[in-house]
Amino acid sequence: MEDKIPFWLRVWQRLHIDFWLFIGLLAITAYGMLVLYSASGASETMFNSRIIQVLLGFIVMLLMAQFPPRFYQRIAPYLYLIGFVLLILVDVIGTTSKGAQRWLDLGFIRFQPSEIVKLAVPLMVAVYLGNRPLPPKLSETFIAIAMILLPTLLVAIQPDLGTSILVSASGLFVVFLAGMSWWLILAAVIGLAGFIPIMWLYLMHDYQRTRVLTLLDPEKDPLGAGYHILQSKIAIGSGGLSGKGWMQGTQSQLEFLPEPHTDFIFAVMGEEHGMIGFLILMAIYLFIIVRGLMIAVNAQTSFGRILAGATTLIFFVYVFVNIGMVSGILPVVGVPLPLFSYGGTSYVAIMASFGLLMSIHTHKSQFMKRS
């Protein structure tokens, strides 16, 4: 029977690759590279660097897909501990960039440990809860939340409010999908609402408060705090239906738009490709998210279901936060557009998370045989 299956298909199956998810990731990466080339001002150096990032990302994804989920259950505590130690090292010997100490420079490589933590936190929480009867007990829920808060606080003091929110959200999605009590969710929401004034007065930095106030009235300081948002909205709005054309955007090409290759690359896409480009982008993202949710629903274990579901939901949050930020409906928090913005650590970390998804999906037959 196996002889009747085409050779290329047999190779594909043995590599433990989910075809549809692979196609979605390839499509969003290709579109992102097209826009990035324009956003960088046709910089061959940046484009070549992106090619290396993409190759490394796909290699990491493919490698992670080869190992069964039980392998990640075993290494999760070590990965969590490594991420935690790296965050401490950032505070001690980290490299400062744009007023924030977020990077580790080892000479041969420079990376953000917070990106590793985005993967390690939901994995560790999923292992902890997935090995216990669900829904979790109250004590187990509090232990899981403590696992989330420790690295979140270390990221927040860098300071990196946007990433700290995403790290906490990635872990909380796991707790929620594990069956967290609705009463506890309500209590958490009320507690968070009460904590906001304290955070505003004592924990947030001046520039973070300025970003929130700027969101409410960016025109108040058009050449200062409101500059980013206003230029981004001008770029998106001027794109119209079909855009101004590839590499024809005035806001990006004339350097009015800040950070066009990272946080504000969506504005470049909107200006040059218009509403049509936006719909294409959203269709690809939706395709990836739906495929991820399908993998979560069809997973054979509690660990697989809650981890795949949380990974997919946090990917959606990345997309939502970046587009909301660039469109002026959310504060600017420095969250890149996933798999689209320039940035090696972020790209590889997200591809690694999709490698986990492929592992959960393509190795599920092993669980069925054991059961």
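Cβ coordinates come from backbone N, Cα and C, glycine included.
The transmembrane segment annotation in Swiss-Prot covers 17-37, 51-71, 75-95, 111-131, 142-162, 172-192, 275-295, 313-333, 337-357, and the record cites sequence analysis as its basis.
Contact between the transmembrane segment (17-37) and the transmembrane segment (172-192) is not supported: fewer than 3 Cβ pairs lie under 8 Å, counting only residues 6 or more apart in sequence.
Contact count against the transmembrane segment (51-71) (Cβ pairs under 8 Å) is highest for 337-357, out of 111-131, 172-192, 313-333, 337-357. Pairs of Cβ atoms less than 8 Å apart link the transmembrane segment (172-192) most often to 111-131, out of 111-131, 275-295, 313-333, 337-357. Where the transmembrane segment (337-357) meets the stretches 75-95, 111-131, 275-295, the count of C-beta pairs under 8 angstroms peaks at 111-131.
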